[in-house]
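Asker: What follows is a single structure, and I will ask about it in a moment.
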Amino acid sequence: MDHSQCLVTIYALMVFLGLRIDQGGCQHYLHIRPAPSENLPLVDLIEHPDPIYDPKEKDLNETLLRTLMVGHFDPNFMATILPEERLGVEDLGELDLLLRQKPSGAMPAEIKGLEFYEGLQSKKHRLSKKLRRKLQMWLWSQTFCPVLYTWNDLGTRFWPRYVKVGSCYSKRSCSVPEGMVCKAAKSMHLTILRWRCQRRVQQKCAWITIQYPVISECKCSC
């Protein structure tokens, strides 16, 4: 470890201690990443297992279905066949690490505004801009909560069948000091089609548009 890396590690430990405050609960984590004001539960769709409620081949005409979508088809989040780049649950940890190495978006104000000093209390002075930047980037990478997108198969009763959904990786702590985890903070809605049957006898079925929620932002939270 070179001298610069050693200093970053030492000052990071000093930041750990300096950010602690004597409050209950998890309030002492809020200096690095404030918790969102509310949770964002996304409920799984529950479908009747009886195949009698499935659309028939004639109901899956792609030209007609695209017309019913009225311009809402988003190829970045929707697909009619399973994309090759689909990730499994076991890949999310690796993806989380990869995205945190280069955090996207604007650096959080609470990190950008941090000042770092060295020396005794009576003779302390600010760190160089280069070292200060390294510390800020390190803190940002530790507290960054990227949205991890994977393709989800909704089944034949939805069109497009495959939708890209977001999740927040919660198997690591995202706060300094540790204690908080990444949780959903915001969502967006995709307009897709759902096959709905209103009666079992003399079935009356049709495609209807629905709003499908997808996590769009993750934040550090208690």
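Note that Cβ sites are derived from N, Cα and C of the backbone, with glycine treated the same way.
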Asker: Identify the disulfide partner of CYS220 as annotated in Swiss-Prot; candidates are CYS26, CYS168, CYS174, CYS197.
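Answerer: That would be CYS174, the partner Swiss-Prot lists for CYS220.
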Asker: Can you look up which of CYS168, CYS197, CYS205 is joined to CYS218 by a disulfide in Swiss-Prot?
Answerer: CYS168
Asker: According to Swiss-Prot, which residue among CYS145, CYS197, CYS205 is joined to CYS182 by a disulfide bond?
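Answerer: In Swiss-Prot, CYS182 forms its recorded disulfide with CYS145.
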Asker: Indicate the candidate from CYS182, CYS205, CYS220 with the smallest number of other Cβ atoms within 10 Å of its Cβ, considering only these disulfide-bonded residues.
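Answerer: If we count Cβ atoms within 10 Å for the disulfide-bonded residues CYS182, CYS205, CYS220, the smallest count is at CYS205.
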Asker: Enumerate same-chain residues with a sequence separation of six or more from ASN61 (N-linked glycosylation site) and a Cβ-Cβ distance below 8 A; give 'none' if the list is empty.
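Answerer: Long-range Cβ contacts: none.
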Asker: Go through the disulfide-bonded residues CYS174, CYS197, CYS205 and tell me which ones have a CA within 10 A of the CA of CYS168 (disulfide bond).
Answerer: none
